[in-house]
Amino acid sequence: MWWSLILLSCLLALTSAHDKPSFHPLSDDLINYINKQNTTWQAGRNFYNVDISYLKKLCGTVLGGPKLPGRVAFGEDIDLPETFDAREQWSNCPTIGQIRDQGSCGSCWAFGAVEAISDRTCIHTNGRVNVEVSAEDLLTCCGIQCGDGCNGGYPSGAWSFWTKKGLVSGGVYNSHVGCLPYTIPPCEHHVNGSRPPCTGEGDTPRCNKSCEAGYSPSYKEDKHFGYTSYSVSNSVKEIMAEIYKNGPVEGAFTVFSDFLTYKSGVYKHEAGDMMGGHAIRILGWGVENGVPYWLAANSWNLDWGDNGFFKILRGENHCGIESEIVAGIPRTDQYWGRF
C-alpha cells in the first residue's frame, strides 16, 4: 500500500513539474506566451545578448540555509493598512527608493541585506543617519559564515555579520560615496549601451579593511552595527507588521525564467525553468486589480522591471517568497554623540 502512495506522489510531482511550459529564458516566445495568458502581470525584454551563466549567477542565494532565531510575534497587536509603501511612510530616508546593481556577481544575498539595513538605520534614527551601507564590505569580508561571495550566500549570515562585526558605508560602483563603494561594475543588459557585457565569470573581490583614499573616518571607526538580527515567521500578518513597525526586510524566493521578463503588474509564475534562489528587499504591500501583492526592490539596475521594482503575489507563499524573511534592529546608541 505504501509503495502505491510513494508512486502516486512521484507521479504527481512529475506532473506538477511539467504543468508549465518551458522556453528559452531570452526568447520572444516566452514573452509572447505570458502576455497571451491574460495573467496578473506583463512581460517584456529586460535582457539582450547576455550569457545564460550570467542570468543564473544573478540568483545567488542559497535557499533553505542557516536560520536566525525567530522574534516574538506582535502582528495581532497592530492595525495594518490595506496598502503600505515604505518610500512614502519614511520619505526622509532616501535609500528606501534606491535601486542598486549587483553586476556580474551572485551577491543578491548581500544587496538585500545592506539595502534593508541602510533603510532601517535611517528609520530608527528618525532620519538623522542617512547612510548607504556597503555591499562590498559584506560581500568580501563576511567569509564562510555568509557562503561563497559571488558564487552565492546566506541572507541570515549577512544579518548576523552586521550585528557581530558591523558594516562600513559604501555607495554604488564608481560613486566615491562612503568608505567602501562597490567595485564590480554594472553590466549591459541591452544591445547598444556603454556598460561592459554581462557574463557569469565575476570573481569575488578580496576583503579590503581600509577605506578608499580621501575618505575619513577610518575603516574601523566607520562601522555601523546591528543590535539584533532575526528571522520572521511566514505569517503574512507578521511580515507586514515587521515592515510597518521597523522598515523593509530581506526576503528570498525561487526564480523561474519568466521572472526575468517582468515589466509590470503582480508577478505569478507562468512558464519557464527554475534559475535559482534570489534575495531581494521587501518594502511594502497592496492590492492591484483584486490581487494582493508584496512590493519589492531588485538589484538588477533601473533597466529591469518597473524601474528596478516589482510586485509579487502575496499570501500564498508564492515561489517561497514568505518563507525566508530576515531582518534586524540597528544599534542606535552608537550615534548618540552625533545628534
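Just so you know, the numbers here start at 1 and follow the chain as drawn.
Keep in mind that glycine also has a Cβ here, set from the backbone N, Cα and C atoms.
Annotation comment: Swiss-Prot describes 1-17 as signal peptide, evidence class sequence analysis.
In the three-state DSSP scheme, Cys93 (disulfide bond) is classed as coil. The disulfide bond annotation in Swiss-Prot covers Cys93-Cys122 (among others) and rests on similarity to another entry.
For Cys105-Cys150 (among others), the entry in Swiss-Prot reads disulfide bond, with the evidence type similarity to another entry. Same-chain residues at least 6 positions away in sequence with a Cβ under 8 Å from that of Cys150 (disulfide bond) are, in sequence order, Lys57, Gly60, Cys105, Gly106, Ser107, Leu139, Ile184, Gly202, Asp203, Thr204.
What Swiss-Prot lists as active site is Cys108 (among others). Cys108 (active site) carries a helical DSSP state (H, G or I). Residue density at Cys108 (active site): 30 other Cβ atoms are found within 10 A of its Cβ, drawing on all protein chains shown.
For Cys141-Cys207 (among others), the entry in Swiss-Prot reads disulfide bond, with the evidence type similarity to another entry. Taken residue by residue with DSSP, Cys141 (disulfide bond) is part of a helix. Long-range Cβ contacts of Cys141 (disulfide bond) within its own chain (separation 6+, distance under 8 Å): Lys165, Cys207, Lys209.
Taken from Swiss-Prot, the feature disulfide bond covers Cys142-Cys146 (among others), and the record attributes it to similarity to another entry. Long-range Cβ neighbours of Cys146 (disulfide bond) (same chain, at least 6 residues apart, Cβ-Cβ under 8 Å): Trp109, Ala110, Leu138, Gly153, Tyr154, Gly157, Ala158, Phe161.
According to Swiss-Prot, the feature disulfide bond maps to Cys179-Cys211 (among others), an assignment based on similarity to another entry. Secondary structure at Cys179 (disulfide bond), taken from DSSP and collapsed to helix, strand or coil, is coil. Counted within 10 Å of its Cβ, the other Cβ atoms near Cys179 (disulfide bond) come to 25, all protein chains included.
For Cys187 (disulfide bond), other Cβ atoms within 10 Å of its Cβ number 20. DSSP assigns Cys187 (disulfide bond) to coil in the three-state reduction, outside any helix or strand. Feature annotation from Swiss-Prot assigns disulfide bond to Cys187-Cys198 (among others).
Sequence annotations record features per position, and here Swiss-Prot assigns N-linked glycosylation site to Asn192.
Annotation source Swiss-Prot lists N6-acetyllysine at Lys220. DSSP assigns Lys220 (N6-acetyllysine) to coil in the three-state reduction, placing it in neither a helix nor a strand.
The secondary structure of His278 (active site), as reduced to three states from DSSP, is extended strand. As annotated by Swiss-Prot, active site applies to His278 (among others).
The active site annotation in Swiss-Prot covers Asn298 (among others). In this view, Asn298 (active site) is surrounded by 26 other Cβ atoms within 10 Å of its Cβ, with every protein chain counted.
All protein chains shown were included, and the count of other CB atoms within 10 Å of the CB of His278 (active site) stands at 24. Neighbour density around each Cβ, counted as other Cβ atoms within 10 Å, peaks among the disulfide-bonded residues Cys122, Cys207 at Cys122. Cys122 (disulfide bond) and Cys108 (active site) have their C-alpha atoms 21 Å apart, to the nearest angstrom. Annotation for Cys142 (disulfide bond): spatial neighbours Ala110, Gly153, Gly157, Ala158, Phe161, Lys165, criterion Cβ-Cβ under 8 Å with sequence separation of six or more. Neighbour count (other Cβ atoms within 10 Å of the Cβ, all protein chains): 24 for Cys93 (disulfide bond).
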